[in-house]
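So the structure is just underneath, and the comments pick up after that.
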Ligand SMILES: [Zn+2]
C-alpha cells in the first residue's frame, strides 16, 4: 500500500506511543520548513571520505537486507507504522547528535555542509535562502520535529483520532530535514563517530533510514546526491551499500 495514497483509509490508532523526549533546548523562533532542494556550490576536488573506506563502509549491525525490517507488518496501520518509525529515527538521530554536539560549533561548522561541494540552506521568515551555522540549522530542525511530535493534531496519540490529511507531506519534510542532519554528521563529524566506535550503529541507523525512505516514498534521490555534477558523499555511501546488497535500488 502506498503511504501517500492511504490517508483517509487508515484505521484509528489503538495505543499511545512511549514517552516523548524533551526537545533540544533553543531560544530561536522557528522559520518555515525549507521547501527547496539542496544548493550545490562550486565543485571542489573530492577526496575520498573515510566513511567510504573499508572497514568502515561495511560496518553495520544488521546483516542482510534492510527491506525486511521496514516492511509494513501485517495488521498494522500504515500511518501508525510510519509515525512510530519516524519517532524512533528522530530519537536516535537526536541521541547521536547530542553526543557529538560539542564538536559542532559556529566556528567548526559555519555552514550546514554535507560535502565538499554542498551546503544546505535555510528558508528564513522572509522566504530568503540563507546559510546558517550547522548547530543553528540542526537546532531548528530538531526543535521543529520535536514540536510536531508533541502536537496532537499532527501525531495523534489518543484512541479515536485520525492522522491529518497533511500527514504524508509533513513526514516527507521531516524526513528530508533529518536526512540533512545525518549528512552533516557523516561529512563533518565522522572522526568523532569513529572515536566513539559508533560507526556500525550509525551506519545501521542510516541504512535503515534509507530503506525506510525508499519503501514509503519519502526519499528524494536529489536530496541524497545533490546534483549529478556534484554528488554528495552520503550519496556515494548509498550507492556502495546498494552494490554490497545491503540496500535495494
Ligand atoms: Zn557540525
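Cβ atoms here come from the backbone N, Cα and C positions, even for glycine.
Per TrEMBL, the stretch carrying the note region 'Disordered' among 1-41, 42-82 is 1-41.
Apart from 104, 109, 184, 189, the residues listed for Zn(2+), the same chain places the Cβ atoms of 100, 103, 108, 113, 134, 135, 138, 185, 187, 188 within 8 Å of the centroid of those Cβ atoms.
Of all Cβ atoms in the protein chains displayed, 26 besides its own lie within 10 Å of the Cβ of residue 184 (Zn(2+) binding site). Long-range Cβ neighbours of residue 104 (Zn(2+) binding site) (same chain, at least 6 residues apart, Cβ-Cβ under 8 Å): 97, 134, 135, 138, 184, 188, 189.
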